[in-house]
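Enquirer: What Swiss-Prot records for this protein is below:
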type	residues	note
ACT_SITE	202	active site, S-palmitoyl cysteine intermediate
COMPBIAS	1-15	compositional bias 'Basic and acidic residues'
DOMAIN	172-222	domain 'DHHC'
REGION	1-23	region 'Disordered'
TOPO_DOM	94-108	topological domain 'Lumenal'
TOPO_DOM	237-249	topological domain 'Lumenal'
TRANSMEM	73-93	transmembrane segment
TRANSMEM	109-129	transmembrane segment
TRANSMEM	216-236	transmembrane segment
TRANSMEM	250-270	transmembrane segment
């Protein structure tokens, strides 16, 4: 219904026309709808978010502040609901009893629980809905007058030297995005973009994990694990105060629910801590071991890596406190001009011939 309305609103008079004709229209309501969700380019708005949808698989919400990948599964909504449900149950059935318990002061523990749940929600939204580090498209096009023909040398790797004589950094030309990808970058076929320091595409968050949101991803795993532990502890104490289990069935339900749900984020958090401690991304690690099943392989340090600081502690500190970097493809800029070739989707080249 919203899509049909937004397709038809192009035929409506704009706000400028309404002011010139002295008539009142619903242009402000239309602008508000296009601010909430961007389905197509809206000529009546001072900001143009629709140009981004032509070169990526993203859909933008709330004036370009929130994004998600289109035509994918709704796992992210399911994940969000799964870690909200136990908090709702705890708030309704458990919190009041523990808060007013006369024997033991549980108020600090409850405050800490809600703090980590708030951190879980915020880090989930930042990791799932923010820019992972998208690289602009169509930056390295050799000849615009030759129908964007790609020369043969662009199909090779560019090897760059490092301070370590035994290590080198390779750069590859992306035929889809038409750029020389920066080191550690990779192209995501789901998002249809190249991402800086690409770690992996997380289907549970429906977003890529890269340089600009990797720390939020780790914070989400850490905060969700701690929240589950606190829920198990508080519900266990609530259950111990009850003479029989049948009087507090919700406590037992929360314990079982969180006891089963804690393992996946906990194992994933430990896995990424060891990866980050060796300055390796998931993409680099899977490529080095030649397998898509990393759980069966031991994580070892690459001594010749130019990114390793020879200390797990300093590697983690650098990862956690490094600058996120600039948003290179900002959907909230004043205007994306149609003539800007960075926002045009060129045909993919499959050979050395003219495309």
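Glycine is treated like the rest: Cβ placed from N, Cα and C.
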Enquirer: Same chain, outside the transmembrane segment (216-236) by at least 6, Cβ under 8 Å from its Cβ: which residues?
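Expert: Sequence-remote neighbours of the transmembrane segment (216-236) are 83, 86-87, 90, 94, 98, 106, 109-110, 112-113, 116-117, 119-120, 123-124, 126-127, 130, 199, 202, 205, 209, 251-252, 254-255, 258-259, 261-262, 265-266, 268-269, 272-273, 276, 319-320.
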Enquirer: Are there residues at least 6 beyond the ends of the transmembrane segment (73-93) whose Cβ is under 8 Å from a Cβ of it, and what are they?
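Expert: Non-local partners: 113, 117, 120-121, 124, 128, 203-207, 224, 227-228, 231, 234-235, 248, 250-251, 253-254, 257-258, 261.
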Enquirer: Across the topological domain 'Lumenal' (237-249), what are the DSSP residue counts per state (helix, strand, coil)?
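Expert: Per-class counts: 8 helix, 0 strand, 5 coil.
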Enquirer: Count the Cβ atoms, other than its own, that fall within 10 Å of the Cβ of the residue listed as 'active site, S-palmitoyl cysteine intermediate', considering every protein chain shown.
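Expert: A 10 Å sphere around the Cβ of the residue listed as 'active site, S-palmitoyl cysteine intermediate' contains 21 other Cβ atoms.
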Enquirer: Residues of the same chain, at least six outside the topological domain 'Lumenal' (237-249), with any C-beta under 8 angstroms of its C-beta?
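Expert: The answer is 93-94, 97-98, 101, 104, 106, 255.
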Enquirer: Report, as numbers and ranges, which residues of the same chain sit near the topological domain 'Lumenal' (94-108): CB under 8 Å and 6 or more residues beyond its ends.
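Expert: Result: 234-235, 237-238, 241, 250-251, 254.
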